[in-house]
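> Copying in the features that TrEMBL gives for the protein in this structure:
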TRANSMEM  A:12-35  transmembrane segment
TRANSMEM  A:55-72  transmembrane segment
DOMAIN    A:59-167  domain 'Ferric oxidoreductase'
TRANSMEM  A:84-102  transmembrane segment
TRANSMEM  A:122-142  transmembrane segment
TRANSMEM  A:154-172  transmembrane segment
TRANSMEM  A:178-198  transmembrane segment
């Protein structure tokens with residue numbers, strides 16, 4: 001009988017990462033080819049804007065799904081894919097912003113500034129991308145070492161808020177049919193809710209536990225005051 | 001099917017027409033789905049015969065018109081109009097139709113009639129059952145807007161019978177207003193004294209006013225209206241007052257605050 005190791009070897013992780021990297025590039029590749037073949041419909045700029053925005057949200061949710069998946073499945077090596085997924089969320093977010101600045105507005109800075117200040121959905125989306133930047137910049141071993149694990153983790157927990165901003169951005173953009181943003185909102189609520197639940201469970205477990213008893217051997221000798 | 005013969009119109013623009021494919025595959029027709037590609041997928045289910053249009057309300061001679069009667073009602077004209085969507089894109093479309101005024105005059109509007117309400121077809125058997133908007137979709141015009149020679153009832157485009165996704169068998173086209181005012185698949189036209197409720201205004205009062213004239217100076221909370229992207233082009237172009245029809249229609253709004261009456 002053979003036993004499966006919990007952790008795939010170094011080489012396996014390398015392969016998995018390479019395949020995942022290629023998969024993550026597919027949406028971008030499809031858009032690039034579609035642009036070249038004029039196959040993105042009557043309003044290709046709108047198609048690219050929408051697709052890059054949706055993939056930013058998709059990757060944010062996929063990244064947030066890593067921890068719950070790891071907990072539920074016990075596949076701890078999944079954690080080693082999280083950084084790449086998070087960076088892809090940032091990359092698609094940058095592509096989304098670039099599409100807006102370049103293809104859509106053609107660097108009309110006054111119009112862009114007006115949009116960011118006056119249109120709540122753009123304000124929120126822009127804020128989300130700005131807030132993602134420090135997370136992307138500190139997604140490396142050097143930053144973890146220099147910030148210290150605890151501070152690094154605190155910083156990266158802001159991804160919860162960023163994901164909420166992202167879903168709000170989508171919700172406010174939609175004219176009337178909020179079905180799709182609602183799906184994202186449900187998925188995000190589920191992912192964040194699981195974390196809140198686990199955290200609460202952990203808190204309760206710690207509370208209900210008796211204070212730790214020091215290990216000792218031998219008999220207990222009571223010291224009773226002698227004066228009655 | 002070809003429509004014809006078609007008279008040319010002095011109101012037609014000489015600008016380059018948007019391709020037939022874009023005009024018939026990139027549509028807002030929420031009854032058939034909210035994606036631009038949904039109407040062309042789903043509108044085939046709509047049966048456009050038999051079809052009648054009831055013209056009623058404050059009219060001396062209210063009447064129901066059969067669609068085939070409407071097709072022969074007045075000489076059909078080709079009207080090549082700019083169409084500006086509130087979402088910031090535009091097209092140039094060769095519509096086929098006749099002035100709404102000729103139909104309204106036939107029913108003899110009463111002096112008390114001040115507005116015209118349009119009610120469109122809604123059939124949950126073939127259309128979306130989700131209450132994205134308050135179905136049936138309704139719209140309205142002031143009577144003088146409805147009687148304006150630019151306002152047409154449309155039965156075709158590119159010289160052919162109107163495709164379902166574009167609002168078959170008969171729709172309204174009001175070229176100086178945002179596209180959502182130009183309702184599709186009309187079943188009732190009602191002359192009224194009070195300003196009728198309109199679908200988008202009911203959905204978002206602060207975003208879509210009753211007038212909804214194309215106006216680059218009045219910002220929409222969601223989109224800048226200063227510029228637009230002509231479908232097929234990459235760079236945006238400035239949006240024109242009344243979508244370029246100011247010469248013909250500006251007098252309708254003399255002395256009105258167009259910011260308050262957006």
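A Cβ is built for glycine as well, from the same backbone N, Cα and C atoms used for every other residue.
TrEMBL annotations: computationally assigned, not manually curated.
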> Using DSSP, break the domain 'Ferric oxidoreductase' (A:59-167) down into helix, strand and coil residues and give each count.
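Computed counts for the domain 'Ferric oxidoreductase' (A:59-167) are 96 helix, 0 strand, 13 coil.
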> Checking distant contacts: for the transmembrane segment (A:178-198), what same-chain residues at least six beyond its ends satisfy Cβ-Cβ under 8 A?
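Contacts of the transmembrane segment (A:178-198) (Cβ under 8 Å, skipping residues fewer than 6 from its ends): 57, 61, 64-65, 67-68, 71, 160, 163-164, 166-167, 170-171.
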> Mean pLDDT for the domain 'Ferric oxidoreductase' (A:59-167), rounded to an integer?
96
